[in-house]
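*Asks:* Got a structure here, written out as structure tokens. Questions coming.
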Amino acid sequence: MGGFCGNKNILAPKKCSGEARHRGLTQNSAPGPKGADIKEFGDSESGPPLIPMIHAIEAGNKPMVAAIEGFALGGGLELALGCHYRIAHSKARLGLPEVTLGLLPAAGGSQRLPRLIGVPAALDLIITGRHVTAAEALQLGIVDQVTDHHTVDAAVKFALSVAGRPLDARRISSYSCPPVSGDLDALFEEVMRKVRRGARGAIAPVACVQAVRAAATLPYARGMERERELMATLFTSGQARALQYSFFAQRAVSRWSTPSGARWDASAPKPVRKVAVIGLGTMGRGIAVALAQAGFPVVSVETQEKQLTEAKRAVSQMLERGAKRRGVAAPLDKMSYSSNIQAVADVDLVIEAVFEDMGLKKKIFQQLSAVCKPDALLCTNTSSLDVDQLASQTRNPELVVGMHFFAPAHVMKLLEVVYGPRSSPQALATAMQLGKKMGKVSVAVGNCPGFVGNRMLKAYVEQAFFLLEEGATPELVDSALEEFGFSMGFFKVSDLSGLDVGWKVRKEDGLALPGVSTGPSARIRQGRRYSPLGDLLCQRGRFGQKTGSGWYQYGKPGGRVATPDPWLHSFLEEYRAQHGLVPRRIDPQEVLERCLYALINEGFRILEDGIAAGPEDIDCIYVFGYGWPHYRGGPMFYAAMVGLPKVLERLEHYYRAHPDVPDLQPCSLLRRLVASGSPPVQKWKEAIKKLHSQL
Ligand SMILES: CCCCCCC[C@H](O)CC(=O)SCCNC(=O)CCNC(=O)[C@H](O)C(C)(C)COP(=O)([O-])OP(=O)([O-])OC[C@H]1O[C@@H](n2cnc3c(N)ncnc32)[C@H](O)[C@@H]1OP(=O)([O-])[O-]
């Protein structure tokens, strides 16, 4: 973004001299188009103060025209709002995304935008942080003109055309907010209720509403004071640190590397022009939709005619709904369907998404290897099966990788890209790039049971079951996890996704056995403590929401409202009595420590094994695939915030109390990081490398 005044002098914000800084806050240097430099937030000495500069621009007596090209985000847009006019290129994007960084627009954005476009529209932009196109910005009244031509030329021409006109009516800070229809207090109360419900403990969206309320109810100068007070609280908060860490983590994971030395910058992806999806169950449908929405021609293969007919209708509906939401045409022409696997002969990449059955998948990979072009990439959407075994069914195992999507695949942002020992760097680079084009946060992970996300989840799930055995209820465990910021606790989630899913996996792993004898040996499988509670519910036909009962009751099959179940409580009491378990009072802190630290401990093992390249990879997986509260950064960031010595001490404590639970035994990497002074999470990768090289 550039700024121009009526006599063609170019505004050069970076050269403005510094002035007194606001107490307690880092002062941003003049913002670039992407807003303030987030990396500077920790540096209290950087840059000239932004707010006085914007005031000086607005108070100037020559017309200042902001020429907006590319992005005008955060401080960039706030600077433009200080100008008297704004002209945007048709491809420009504007927004106040501070809330996504745990902040609010604190260079007057929360005070000027509602004065310019009204309270409801400003609340929408500031609370969500969404970017708008130039066309929408024009419609909202944020910009005065949109051009398809050279923006700077258009701005200069515009500035000359308005030179000499009075400027008082162009200074947004002098406006009152346009009146709202209806009662202003009622509007803010309603918005605040919604925001608090959706925020699940995030403080920035709440502060954003409070700041806009100040704009609507206070004179500008007092509104600015309120904006500054609110920002002061946010700026130093752990939530802002976590969200800013997460911003850089998302970018760091695209610079992938593997233990064998393959790297993102040394591996060129292959071009992908056409893609096939095999299997049109829930996952296959979502993947096909996500591909078509990203502009790829997709051939979808489903051998069961009935399933194919249903899937065609469902996919078209999903595409139409998505297009309506985004205000674009539905990409129905991208989709073609077949019941014959020969239809994939000309595609560049296949994503297999059939039922999670190794025998079936092996057969499909043999067929694909025979039918596809020899250089086609063959990907599997397995969530747990061995990618290398599938690769061994093909002529070119180096062209096989896992692409583990999360349900619903067209909505969830996470993609685990799983490389096997034989996957080529180019295959990995191609899958990573495809994920990026689909708008996913793609994370490269090594091949091991459960990969990263599900491997860590196992330790967490196990603790949740053990806590029930020891005296907790599903309600107690879930409320502790929801209070922490998960949208649903573990037991509600498993009722939603179906208890039979985990049961099937446990049966295949030889863990869930028919019938349970009494005595301690009934709760030991494969040499370690095991809880058969989930299996016992499944044996009684309690699969969760779909059967009307699981860990909670739902009134009827397909019911959605979870209510505590007295039957389940007596069942737990009988179970404990049968196994000689004396229930004790368990507090929410123990629930969090047991579930989360066991999961984090497995995260350290994953880092130690080189299955994930760094803590950022694990954190992105948990934030974008497993509902970890974004404002807590991810499990590894959270461990660093709690303090590694404390995590270690608590794990040692719980392992002493439960020596038959190996997941609670602190991982040696955690011990070594603590012994080396607990470096900050951003330095772990380096520290791990150093520790590995010392072995
Ligand atoms: C009294 C107190 C006064 C306080 C004043 C407050 C002022 C204001 O309210 C606060 C702000 O503006 S808050 C800020 C509000 N602004 C935002 O939240 C905007 C955040 N940025 C974005 O959303 C995206 O970058 C874009 C959509 C702009 C471009 O997407 P794209 O084309 O896919 O590109 P990409 O891959 O994303 O980025 C390329 C490289 O640039 C890097 N980088 C980017 N922005 C950065 C920044 N602000 N900073 C630092 N670095 C930033 C990024 O890390 C990456 O580096 P790498 O080393 O290559 O990895």
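Each residue, glycine too, has its Cβ placed from N, Cα and C.
Automated prediction, rather than curation, is the source of TrEMBL annotations.
Take a look at what TrEMBL says about it:
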type	residues	note
REGION	20-42	region 'Disordered'
DOMAIN	274-447	domain '3-hydroxyacyl-CoA dehydrogenase NAD binding'
DOMAIN	450-554	domain '3-hydroxyacyl-CoA dehydrogenase C-terminal'
DOMAIN	591-680	domain '3-hydroxyacyl-CoA dehydrogenase C-terminal'
*Asks:* Mean pLDDT, the domain '3-hydroxyacyl-CoA dehydrogenase NAD binding' (274-447)?
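*Replies:* So the average pLDDT across the domain '3-hydroxyacyl-CoA dehydrogenase NAD binding' (274-447) works out to 96.
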*Asks:* Per DSSP, what is the residue tally for the domain '3-hydroxyacyl-CoA dehydrogenase C-terminal' (591-680) in helix, strand and coil?
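*Replies:* Counts, helix then strand then coil: 66 helix, 0 strand, 24 coil.
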*Asks:* Using DSSP, what is the helix/strand/coil residue split across the domain '3-hydroxyacyl-CoA dehydrogenase C-terminal' (450-554)?
*Replies:* 61 helix, 7 strand, 37 coil
